[in-house]
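Enquirer: Pasting the relevant annotations from TrEMBL:
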- 21-40: transmembrane segment (TRANSMEM)
- 28-184: domain 'Peptidase S26' (DOMAIN)
- S51: active site (ACT_SITE)
- K92: active site (ACT_SITE)
- 209-230: transmembrane segment (TRANSMEM)
- 241-271: region 'Disordered' (REGION)
- 247-257: compositional bias 'Low complexity' (COMPBIAS)
Amino acid sequence: MSGTPGRTNSGHGRLGSVLSGLAVAVGCVLFLGGFAWAAVEYRPYAVPTNSMDPTIKAGDRVLAQRISGDQVRRGDVVVFSDEQWANMPMVKRVVGVGGDKIACCDGDGRLTVNGKAVDEPYVKGMLGGRASSSDFSATVPSGQLFLLGDERSGSLDSRLHLEDAAQGSVPRTAVTARVDAVAWPLGGTIARPDGFAALPGGVSRPGPVGLIVAAVLAGTVLILGGAAYGPVAGWLSRARSGRGAGADRSTGRSTGPTGRGTEGTAADAGR
């Protein structure tokens, strides 16, 4: 029976090694797969101005999901490039789509879309609560988008191009990506505004950035946990062996009823 514990411990050790190896393998798949998924879905952008403050500040690095213009909804923060707007990548919020009548401001200083007032919490505290520093109105042509910055006092946006043939709008095809999160400094995902949800078409669904982050974090935990199994198991095994050896030595020198060591008692009995 003395060999049974050794065989059991050996079996447990082999099973633990298999499981730790499996954890590392699965962790690598999740970790590398998460980064590969992100590389396919997203592009990083550095935002140079404060035109989207407070949602996005100057110098922030954002993750923008690659999309086509047909996927854009009101409330989306998009990356676009248009020759009438300096022909360079810019980041603005979509407040109107083709056919919309955009106006500002109503009696409470709010933006209206097709006569419906839209609450925009990201502009509160600026311009005395008004959605724009000046009143304006425009009808968005079919296939076009009307864009505003969240920092309405200084943003160079559709309001500056109202005299253009497209009344300040840009074509959907000008959009290359939709901003889903502020990657650095860590700012989390960008919420879809509830104020646009009640309008026809609603708001867009969040991209997979949350799932990607979860996959990378889970992979990291599995890799570290699996890699740590060997050293931890070895340390525990040595600790158990040390305690067992100490117990054996203690038993071998135990005293008998007379107070003399048991080895001495056995010798006396022989005499």
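Positions of Cβ are set from backbone N, Cα and C atoms, glycine also.
Just tell me what is around each of these and how deep it sits.
Expert: With a cut-off of 8 Å between Cβ atoms, the residues of this chain six or more beyond the transmembrane segment (21-40) that come close are 63, 208-209, 212-213, 215-216, 218-227, 229.
Cβ neighbour count for S51 (active site): 21 (other Cβ atoms within 10 Å of its Cβ, all protein chains included).
Here K92 (active site) comes close to S51, M52, V77, V78, F80, L147, L148, G149, S155, D157, S158: these same-chain residues lie at least six apart in sequence, with C-beta atoms under 8 angstroms from its C-beta.
Residues 16-17, 19-24, 26-35, 37-38, 41-42, 63, 65, 180-181, 189 of the same chain lie 6+ residues outside the transmembrane segment (209-230) yet bring a C-beta within less than 8 angstroms of a C-beta in it.
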Enquirer: Going by DSSP, is S51 (active site) sitting in a helix, a strand, or coil?
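Expert: For S51 (active site) - judged by DSSP and reduced to three states - the answer is coil.
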